[in-house]
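Below is one structure, written out as structure tokens; the observations come after it.
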Amino acid sequence: MHETDMTKALIATLQDWWKAQSEPKISCVHLVVGKFTCVEPLSLQFAFEVQSQNTFLEGTKLSIRETPLIAFCHHCQQEYHPEIGIQYACPQCHSPMEDIRSGRELKIDRVEYSTNTIEDTYAPNF
Amino acid sequence: MHQTFDAALGINLLHANQQGAEHNRAHFDQWGIICLNVMSSPGAGKTVLLERTLAALTNEFKIAVIEGDMTTELDANRLRQYNVPVIAINTGRSCHLDSKMVAGGIHCLAHEYNPSDFDLLLVENVGNLVCPAEFEVGEHAKVALLSVTEGEDKPLKYPVMFQEADCLLITKTDLAPYLEIDISQIEANVRQMNPHVTIIQVSAKTNDGLENWFNWLRNAVQSNTAKSVMSLT
Ligand SMILES: Nc1nc2c(ncn2[C@@H]2O[C@H](COP(=O)(O)OP(=O)(O)O)[C@@H](O)[C@H]2O)c(=O)[nH]1
Ligand SMILES: [Mg+2]
Ligand SMILES: [Zn+2]
Ligand SMILES: [Zn+2]
Ligand SMILES: [Zn+2]
């Protein structure tokens, strides 16, 4: 359900950017979504399809790259992969998860867009 | 002719919400208010906790409440009995408060009162363990509640909220004897991902532990007052 709000937030953020760029046609939006967030990529994908209809993002593709949860244990001086839902402490020394190196991302990474050139705008339509 | 481009944005997906949160925080800092975002699953005891808090502390501090958990429409009225401003926000079908909704609430507060008179703003978020932690509203600290009836595993299964919390209240401890719950296991599970969190066990029924919560609040308000006094000099 909160993916609806996430998408609303995403569209609002993109709209600010889009207006600042004199309103180009956006073909694809690339997101990076960490596993240690409340966002479910499939629900987000679905919400985006629905909510982008009849907006400047109609027909825009949403591409989501998921990043794993990776923490760094300062005691062991190494990275480890906490098991979400089961165990977050370091499997070797059981120090708590303090330093998250990956998995909290909720980022609009890149936008692919195209602009019409002036000739294009005035070209007669055969 | 088409020209295609690829722009690196690197903008947080919640950028718009974060900007709103900064707007709210700037108001709070200007007014000398400390704002706490109170979050839990539905029924963990947020409203009752706020009732006990208002009953105990309204003669020490000037408190206002933003009520976002409208599952029972009575929540806001229950709190109004304590003669504090309670701004009820109709969240509609949203499963969390966002910074815009809270901005509406605080602008309303500033319109009807002198906001600089207030010390503490308590925001009761929508009952939900998942996303309220992701949508900051401008709070200075996050307070999470987990009732003993919810089970030891909830922090492991809904980690983001417990990882982000500055203070965790384990509520309804009066019910623990009737359940097979190991409160020390709840604490251990939370500390696995959030070793510095303050954990306070409370019962709003027997009042056990509430004084520790009030002291945590007093400390939060006093350190905020100290900070604004410092910034004046
Ligand atoms: N036994 C017991 N019941 C409680 C306690 N705190 C809250 N409750 C009950 O839990 C239910 C939900 O409380 P409420 O404050 O409305 O939860 P909220 O949805 O988080 O605001 C109510 O029936 C309360 O009376 C407590 O400390 N002990
Ligand atoms: Mg409530
Ligand atoms: Zn939500
Ligand atoms: Zn280790
Ligand atoms: Zn404002």
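Positions of Cβ are set from backbone N, Cα and C atoms, glycine also.
Predicted automatically and left uncurated, TrEMBL annotations should be read as such.
Here is what TrEMBL records for this protein:
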BINDING   A:His2  Ni(2+) binding site
BINDING   A:Cys73, A:Cys76, A:Cys90, A:Cys93  Zn(2+) binding site
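Each of A:His74, A:His75, A:Gln78, A:Tyr80, A:Pro91, A:Gln92, A:His94, A:Ser95 belongs to the same chain as A:Cys73, A:Cys76, A:Cys90, A:Cys93, is absent from that list, and has a C-beta within 8 angstroms of the C-beta centroid marking the Zn(2+) site.
Geometry remark: A:Cys93 (Zn(2+) binding site) versus the residue listed as 'Ni(2+) binding site', CA distance 36 Å. A gap of 31 Å separates the Cα atoms of A:His2 (Ni(2+) binding site) and A:Cys90 (Zn(2+) binding site). Using a Cβ-Cβ cut-off of under 8 Å to chain B, the binding-site residues A:His2, A:Cys73, A:Cys76, A:Cys90, A:Cys93 reduce to A:His2. The C-beta environment of A:Cys90 (Zn(2+) binding site), restricted to residues of the same chain at least 6 apart in sequence and closer than 8 Å, consists of A:Ala71, A:Cys73, A:His75, A:Cys76, A:Tyr80, A:Pro96, A:Met97. Close contacts with ligand 3, defined as a Cβ under 6 Å from any of its atoms, occur at none of the binding-site residues A:Cys73, A:Cys76, A:Cys90. A simple Cβ count within 10 Å picks out one of the binding-site residues A:Cys73, A:Cys93 as the most packed, and that one is A:Cys73.
Of the listed binding-site residues, namely A:His2, A:Cys76, the sparsest CB environment within 10 A is found at A:Cys76.
Checking the binding-site residues A:His2, A:Cys76, A:Cys93 against ligand 4 with a 6 Å cutoff on the Cβ atom leaves A:Cys76, A:Cys93, in sequence order. Secondary structure at A:Cys73 (Zn(2+) binding site), as computed by DSSP, is strand.
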